[in-house]
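What Swiss-Prot says about this protein:
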BINDING   THR29, LEU30, GLY31, PRO32, ASP86, GLY87, THR88, THR89, THR90, GLY413, ASP476, ALA477, ALA478, ASP492  ATP binding site
Amino acid sequence: MAKIIKFNEEARKKLENGVDVLSNTVKVTLGPKGRNVVIEKSYGSPLITNDGVTIAKEIELEDPFENMGAQLIKEVATKANDVAGDGTTTATVLAQAMVKEGLKMITAGSNPVFVKRGIEKATKKAVSILETKSKKIAGNSEIAQVASISAGDEEIGNLIAKAMEKVGENGVITVEEAKSLETTLEVVEGMQFDKGYISSYLVTDPERMTAELDDPYILITDKKISNMKEILPVLEATARSSRPLLIIAEDIEGDVLTTLVVNKLRGTLNVVGVKAPYFGDKRIGALEDIAILTSSQVISKDKGMELEKVDISSLGSAKKVKVTKDNTLIIGGIGKEKDITSRISQIKTQISSTTSEYEKDSLKERLAKLSGGVAVIKVGSATETELKEKKLRIEDALNATKAAIEEGIVSGGGTVLIEILKEMESFELSGEERIGVNIVKKALTAPLKQIAENAGLEGSIVVEKVKNAESGIGFDAAKEEYVDMIKSGIIDPAKVTRSALQNSASVAALVLTTEAIIVDKPKKEESDTPNMPMMM
């Protein structure tokens, strides 16, 4: 296929246009007075949201050159979301600021490679300063504050703090849609492990790319399943019962996987295959934990058991199983309470007797999964549109809270970035790398400036006031006053800020060093009308 190529400044200008379209759409949502964006859906009601990554994912531009710029910024939001689960709008604002300032410098004749190096070194310095400002989260009140800031709702913040208290920081919290108007918290016994579906063709919800099985049978084996004859009796038995099936195995290979997918697509079987978690002895222990929780047997080669001889009585069950591309969550296993209690005691004994720190951590992780249970936040609302928006906010707040527990908290509302800027005043590099440092320094003011502008104020004036204030004093956009941010409960997870800085700098550096863009030449649409002979 023929290609269209643009070079130099023309190429970078097109990228910048795409960056601006996406960033300008996303950044209106930043801060407590940020606005919402309405997204048309091909079916159902429109989606109203202020979640940066959700908005970014919907944007595709008609001009293929500009679309590349938009897709690069979309990558910033997606990566920030993958790492920290929040801070996608901040990352987008930082990236746009770095790209705009950087392109000005390159148009004026600066060397893009040296500018890129300067950006990378300055970002590394900024992240190291951020780490010194991080403060470990202390108690439920700070957990509630982090969640409240992220969700923009104190009630949601308190609900998440309560959920964390119930299951502990190693427990699992999920968000579901309720059938009532109320948003409630429910704690269910359950277990999650870090393995997702073997094939995406096995999902039950293509929009969210998840598989949900209600009241499934559960087959657990430490073998590779490579021969269809091995599991045919189990498949036939579950098909007759009209219940779904979860298969946990070392692997499901070749023709077996193909057969499962084909039967799933035809509607003959509702089956999901996942790989067994961990390796070696840790895997054996984890599979036994799952078996006890679900009242099943581990079909093991070490025990001389054969899959062909397995019947329904060897399978376990649970109220619900949720599988994503990365995780499997088993809720409401039918295992006997005394067996689970006995297993927990056994693991506790192993923890106290082992001298290996690695093994101790591994056993503690298994203990948390077996005893922690699952907290389910059921989101209620009057309309479907509001329900979707509220669910997204709760998911963001949950991610922000987990990030805060991992790496601590810092002053929120863009304040910590201004504090980093103050400490970076003396940080200089030689030659054109200095330009990269200045680009990062200027970008650090962008989130606070945008928060103030979204509140209807002059952003640059607010930035100067915070710059000249004492350490820790920032701008509370909700009340439009200058306060001690941490004391006022306006805090951000350090991980979210770090991820936003690193991802925005990475993509900005890519845009600035781009010298050519190549896209496919669109095909000319041929007219369906046949050529008519000329009339004489």
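Cβ from N, Cα, C; glycine included.
The DSSP secondary structure for THR90 (ATP binding site) is helix. By a simple count of nearby Cβ atoms, those within 10 Å, the most crowded of the binding-site residues THR29, THR90 is THR90. The binding-site residues examined here are ASP86, ASP476; by Cβ neighbour count within 10 Å, the least packed of them is ASP476. Taking each of the binding-site residues GLY31, THR88, ALA478 in turn and counting other Cβ atoms within 10 Å of its Cβ gives the largest count for THR88.
Within the set THR29, LEU30, GLY31, PRO32, ASP86, GLY87, THR88, THR89, THR90, GLY413, ASP476, ALA477, ALA478, ASP492 that the record links to ATP, no two Cα atoms are more than 20 Å apart, and one pair reaches that distance.
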